[in-house]
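Here's what Swiss-Prot has on this protein:
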DOMAIN    101-290  domain 'ABC transmembrane type-1'
TRANSMEM  40-60  transmembrane segment
TRANSMEM  105-125  transmembrane segment
TRANSMEM  144-164  transmembrane segment
TRANSMEM  165-185  transmembrane segment
TRANSMEM  222-242  transmembrane segment
TRANSMEM  266-286  transmembrane segment
Amino acid sequence: MRLFNWRRQAVLNAMPLVKPDQVRTPWHEFWRRFRRQHMAMTAALFVILLIVVAIFARWIAPYDAENYFDYDNLNNGPSLQHWFGVDSLGRDIFSRVLVGAQISLAAGVFAVFIGAAIGTLLGLLAGYYEGWWDRLSMRICDVLFAFPGILLAIAVVAVLGSGIANVIIAVAIFSIPAFARLVRGNTLVLKQQTFIESARSIGASDMTILLRHILPGTVSSIVVFFTMRIGTSIISAASLSFLGLGAQPPTPEWGAMLNEARADMVIAPHVAVFPALAIFLTVLAFNLLGDGLRDALDPKIKG
């Protein structure tokens, strides 16, 4: 008996003591993996800065983006007075790009949010119940996928009319099937797991299973796709505005600014360069951030 107690004590003494602050939660593991990705961290800082600028754009902008006109410096390039130069109407491009961040970012985020909400609901129901609802939902998605996204958005705006609100609706519509298929695939896998069978065996309702067990299992995929989809939505909204179907002059939206700059690109290329650069950097940042989130949330994909 003494020998047994001695051996047990020896084993206990050999076991490393785990301090409370050494216990790693899923959040700690995610942050540890994410902060190692320098490109993703840089993109995250850029996105945070962009959000702050978008929120306070009208206070940060040195001039009124719509009603300020410097007729003495028409089409002048960048200077100390006008950091990004002046357009053909004498408006300060730097101020318009800052305020344009507010409009373009809001359009992209709201469009993806609407598409994600509807698509997630459709995907959960289709993957969980299958049957006729699954077939109907996926056939609708197939029809929407048959059209290029921008053409579908143009068709929707042509029916609803021009304007930034209708652009958000149009971009949201062609985001729905992408989220629906993503969530449906995850749901089909998760519903076969033993913990779902256990939940059913104790009498959990379908709503409880969907919201408390299946939906949390799809959140990481939704977050990653949501982040990357924002870049696509910003490009789509800017493209519609460039074609004259979105934000209308003098609204300082990036796509609308490019549309107005077409006539002066030869004599004043800076008028188009800075709005285009804003679109490029924003889309790149969201894509890099999405890649980083994917690798941090599911390191097996990276491997």
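Glycine residues also receive a Cβ, built from the backbone N, Cα and C atoms like all the rest.
Here the structure is a predicted model, which means the values were calculated and not measured.
Most Cβ pairs within less than 8 Å of the transmembrane segment (144-164), among stretches 40-60, 105-125, 222-242, 266-286, belong to 222-242.
Only sequence-distant pairs (6 or more apart) were considered; of these, fewer than three Cβ pairs between the transmembrane segment (165-185) and the transmembrane segment (40-60) are under 8 A, so the stretches are not in contact. Long-range neighbours of the transmembrane segment (266-286) within the same chain, counting only residues 6 or more positions beyond its ends whose Cβ lies under 8 Å from a Cβ of the stretch, are 43, 46-47, 50, 75, 77-78, 84-85, 87-88, 93-94, 96-97, 100-101, 104-105, 227-228, 230-232, 234-235, 238, 254-255, 257-258, 260.
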